[in-house]
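Listed features, source TrEMBL:
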| type | residues | note |
| --- | --- | --- |
| DOMAIN | 3-137 | domain 'EamA' |
| TRANSMEM | 7-25 | transmembrane segment |
| TRANSMEM | 31-51 | transmembrane segment |
| TRANSMEM | 67-87 | transmembrane segment |
| TRANSMEM | 99-116 | transmembrane segment |
| TRANSMEM | 123-140 | transmembrane segment |
| TRANSMEM | 146-162 | transmembrane segment |
| TRANSMEM | 174-194 | transmembrane segment |
| TRANSMEM | 206-225 | transmembrane segment |
| TRANSMEM | 237-257 | transmembrane segment |
| TRANSMEM | 263-281 | transmembrane segment |
Amino acid sequence: MKKGAFAVLMCYVLWGILPIFWKLLNQLDPVYILASRIFWSLIFCFVLIIFKKELLKIKEVIKNKKEILLLCAAGGMVSINWGSYIWAVNNNHILEASLAYYMNPIITILMGFACFKEKLNKNQWISVVIAFIGVMIPIIRYGQVPYLAVIIGGSFAIYGAIKKMVKAESQVSLIIETAAVTPIAIVYIIYAEINGIGAIGVIHDPMQFLLLPLAGIITAVPLLLFAQGIKSTPYSLAGILMYVNPTLQLLIGVILYKEKFTAINAITFGFIWIALIIFLMSNMDISKKTELA
C-alpha cells in the first residue's frame, strides 16, 4: 500500500475508536466538547507549526484568497461533522453514527466521479450499487430519512472534497481551517463557564480536565494524516477505505456499549462488506495490470 493510502487508512482507524474517548466526557454539553476540541486543536497545531519552523508558510497561504476561502469552508464543514458526531456518540447513537460513515464512502466515490473525473470500472460500479442497497435497507425499513447520519456523512464528504482542492501543506491548512472557527468556540466556552455548564462547573475529577487538551491531539493527528494522504490517494479509494471507520464504530457500539444490533443492521453490514471486497479486488486487479504494463 502506498504511503498516501496508508495515511488515510490510519486516519480512519483512529476515527473508528474515537467513541471511547468521547464517552469519557459525556457529562459535558456536546457543544462545549466541540468548542474545546476546536480550541485545543488550534493550540496543538500552532505548537507543531512553531516546532517545525513553518510560520512563514502560513503567511504565504494567507495571501491566497482562494485558499483562505476553501480553508474557511473546510473549517465550517468539519465543525458540523465534529459536533453532530459528538452528539450522536454521547446520546447513545453510535450505530447511527456508524451508518453515517457507511453512507459517506458512497457519496465520496460518486463525488470523485462527478467532481474529479475519476473513472470507475464495471466491478467498482457494482460495489457502489451494492453498498447503496445496503444503506437503503434501514432507511426503507424504518420509513424515515436518518437525518443525523446524513448530516455526519454529507458534511465529511464535502470536507474531503474541499481538502482535495487545497494546495497548502497539511499542517498549514489544518491550523488555518481550525483558526477560522476558533473565535466562535472561545465565545461558547466563556458562555458555558459563566453559566455553569462548562468543565469547571460540571467536572469533579481533576484527571478528566486533562482529557480536554488531549481532545486537540486526537483530533489533529487523524486530520493531519488525512490531509497528507488524500492528495496522493484516488478519491474513490479513499471512499472505500473509509468503511474501516464505521465498522470499528459499529463493533464498539454493540460490544462495548451494548447498543442494540438488529437483523436490519446485520443485513446492512453484510451488503457493505460485500461491496468492500468487490471494490478492493477490483483495485488489486488494476494494480497488477499497471505493474505488468
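One is the number of the first residue shown, and numbering goes on along the chain from there.
Note: Cβ is positioned from N, Cα and C throughout, glycine not excepted.
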Stretch in 146-162, 174-194, 237-257, 263-281 most in contact with the transmembrane segment (206-225), if contact is a CB pair under 8 A: 174-194
Structural state census, the domain 'EamA' (3-137) (DSSP three-state): 114 helix, 0 strand, 21 coil
Reported mean pLDDT - the domain 'EamA' (3-137): 88
